[in-house]
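In TrEMBL this protein carries:
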TRANSMEM  27-56  transmembrane segment
TRANSMEM  96-116  transmembrane segment
TRANSMEM  137-158  transmembrane segment
TRANSMEM  182-202  transmembrane segment
TRANSMEM  214-235  transmembrane segment
TRANSMEM  247-267  transmembrane segment
Amino acid sequence: MHPNNVTFTQFRSAINNAARDVDRHHVLVLAAGLSYYFVMALFPALILFAALVAYLPIPDLFNQALEILGHFIPPDSMGLVRKIVADVISPGRGTFLSFGIIGTLWATSGGFSAMMDALNVSYDVPETRPFWKTRPLALLLAALTGTLFIAALALMIMGPDYGGKIAGKIHLGPAFVASWPYLRWGIAIAFAILAIELLYFLGPNVKQRFGCTLPGAITALICWIGLSHVLGIYFRSFANFNRTYGTLAAAVALMVWLYWSGFAILLGAELNAELVTACGAPRLPLKEMVQKSAEAEAAGADLAA
């Protein structure tokens, strides 16, 4: 049975089991570890983003993208992010490209490599893939998800005028122009979900069908948006990190936001893993799944003979 075709009872059971696995798999502890790797990967990723968007035909795309991110990242932390990125890519420091795209991708992939290990815990499987496979896969995930998120941010920034330009180039009617303000947000959300789904599909050491990870990806995105807004209210109205942490307040707030971002991603992975179990599919390492598939095919050939 396909995980997307489970019954309501199975889905409810999967949610309950995923909630229990949050404690059993120490998801909060894993999220704390991921927040460290996310900090190490965040600024190289933003620097790479700043370099790449310069080639897109959208004026001031990077600053507008940071404005959108400012709705999710704590205000003090957003100021820290802007300062560090502006310092690195300022003319006095040389352009980003002197740092090298490959080097920046490598630094960014560290966060994805840590995420792959955490996803294996969610699926209760060991990591049997060698380093020469997992690290390039982390690089690929960094590139793919980064591209999708850049596309999503670009669509969010594109105003009504771009709908008319697109319609003129590909000969679409006024209906497209009228629906563009809503269509661009729908496509942007779809790109964000696809980015998370790619992480779930390629990250853990299990064999899955593409699309089976969709429920967890949607759950993760909803939880991430919800948690980001709750944290924003908390930081603006209740928290007083400046008094407690002084000059470290912005960095601590950023770590807290990244911590709950990692939690949202792992929560979606826990749901996907339980949906696989609800369907009766074994959660085996990719290598063992391939071996079992080969053995089943061989047994079928013997019976046919």
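Glycine is treated like the rest: Cβ placed from N, Cα and C.
Bear in mind that the values here come from a model prediction, so they are computed numbers and not experimental data.
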Counting only residues 6 or more past its boundaries, what in the same chain has a CB within less than 8 Å of a CB in the transmembrane segment (214-235)? 3-4, 11, 71-76, 189, 192-194, 196-197, 200, 241, 253, 256-257, 260-261, 263-265, 267-272, 275
Short question: which residues 6 or more past the ends of the transmembrane segment (182-202) have a Cβ under 8 Å from it? 112, 115, 119, 137, 140-141, 144-145, 148-149, 151-153, 155-156, 158, 162-163, 176, 208, 210-211, 213-214, 216-218, 220-221, 265, 268-269, 272
Do any residues, 6 or more residues outside the transmembrane segment (27-56), come within under 8 Å Cβ-to-Cβ of it, and if so which ones? 21, 62, 65, 81, 84-85, 88-89, 95-97, 99, 101, 104-105, 107-115, 118, 121-122, 142, 146, 150, 154, 254-255, 258-263, 265-267, 270
